[in-house]
């Protein structure tokens, strides 16, 4: 009760039964939360902290200004963190990992109040980490191979990513994600998984929604809420009279800001998690089978001892 | 059905800029503002008004016209799949055009009566339904601030029930998407582009200040036409 969050009705109803929850929460728990115990009571106060980007706020200039970072990280992102902490304190969400809160408050689409703040906290951290000073260029190694396999070429991937980002109506995000061997149907599991089923996909999402909810591992993200680019694209730097400011921002992001190292390392983590999950599923299946065997053994023994002593089967 | 209401000028009665017949297709054009870009300061900056009108509204119009042309072609060819596929772009860009056309009429400089509360039947209706103008403003501001992402907050009239309502819509969904009997009297754009350059992330400040340039005369006219 003290060391781990108590099982809650919402959680058991809404958290995925598959293994990703436990393997993922271990990864995020240490980085995200500080827990302190208050006096003698069993109350855990868990506060999420606003994690700074992995570079100084002015480091992305001239492609993304310090002013933008100051507002985007310092006000928007900070606001989501503060509001989330206020919303969860003393509730059953208090003490859970961010990913679990996101899943639970998503509530299968019938969003609960804390969802927007929780998801936006996660999304923005992912966004800062998707960029780096002197970014851009092309990926390499496994990541590049997978991109070529799943999109045809790096250029085709870039086209698809830019299209998703520019056609997300209203506010939202565009993602490169790693999708494991699941069918595209809710809770169905592919009975004959193969390596080809695991693939990279480009997806877009509205407002605060993110691909964690679709059981994908996000690898790269771009924020296309207007606040992400409005200050930089309306003022001095770029084409004041160009019709469409968002596409310019997306291009700059791809050409000058993307951190392919971060994307590659997330891909490795994703592959490891998926492999872990498969192993756990195997183990679980085997355990279930083993459990059933003693029963049939008992039946056999019963029949043998109760029968005439001959070994003929009852049926 | 929804499509026809979008392209028929009469059913909206808003004086949307309608131009050019391209192969029998009516396209739309950017309506002029009845005031200078800087005339709404300090509530809304001239820079925002210029960008909002010349870039954002114009983009919706450009993309709406393009979608209409593509729709026209698809309909002539009997290409149902494309007809259906275009509905998203039509709703978004057409909605953007409809909503912003209303918005420009909802605003007026202070020296032209901006911010002056409504007299006459709309004023009475507001007091009846909400208690007071202050209560209405508080409700609109709180719902407007609570819109997640992009959208609009509206004061609408249910013309069948003769009731005033406060509603929000997401993205560029027009008010009718919340009820076919709803007539927009007043809409406030809460997309970030409507206020970001001036108010940054503090949407509540924008909502507090925009009331100084709201044109209640226009809202009253629309109301009195539906409730004579």
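Placed from the backbone N, Cα and C atoms, the Cβ positions cover glycine too.
Keep in mind the model is a prediction, meaning the values are calculated, not measured.
Annotation source TrEMBL lists Mn(2+) binding site at B:52, B:100, B:189, B:193. Cβ contacts within 10 Å of residue B:100 (Mn(2+) binding site), excluding its own Cβ and spanning all protein chains shown: 24. Mapped onto three states, the DSSP output places residue B:100 (Mn(2+) binding site) in helix.
Positions annotated as domain 'Manganese/iron superoxide dismutase N-terminal' by TrEMBL: B:29-107.
Feature annotation from TrEMBL assigns domain 'Manganese/iron superoxide dismutase C-terminal' to B:118-221. When DSSP labels each residue, the domain 'Manganese/iron superoxide dismutase C-terminal' (B:118-221) comes out as 53 helix, 25 strand, 26 coil, counted as helix, strand and coil in that order.
Over all protein chains present, the Cβ of residue B:189 (Mn(2+) binding site) has 25 other Cβ atoms lying within 10 Å.
Of the chain residues outside the Mn(2+) site list B:52, B:100, B:189, B:193, B:53, B:56, B:57, B:103, B:191, B:194 have their Cβ within 8 Å of the site's Cβ mean position. Chain A comes close to B:193, taken from the binding-site residues B:52, B:189, B:193 by a C-beta to C-beta distance under 8 angstroms. The Cβ of residue B:52 (Mn(2+) binding site) lies under 8 Å from the Cβ of B:100, B:189, B:193, B:194, each on the same chain and at least six residues away in sequence.
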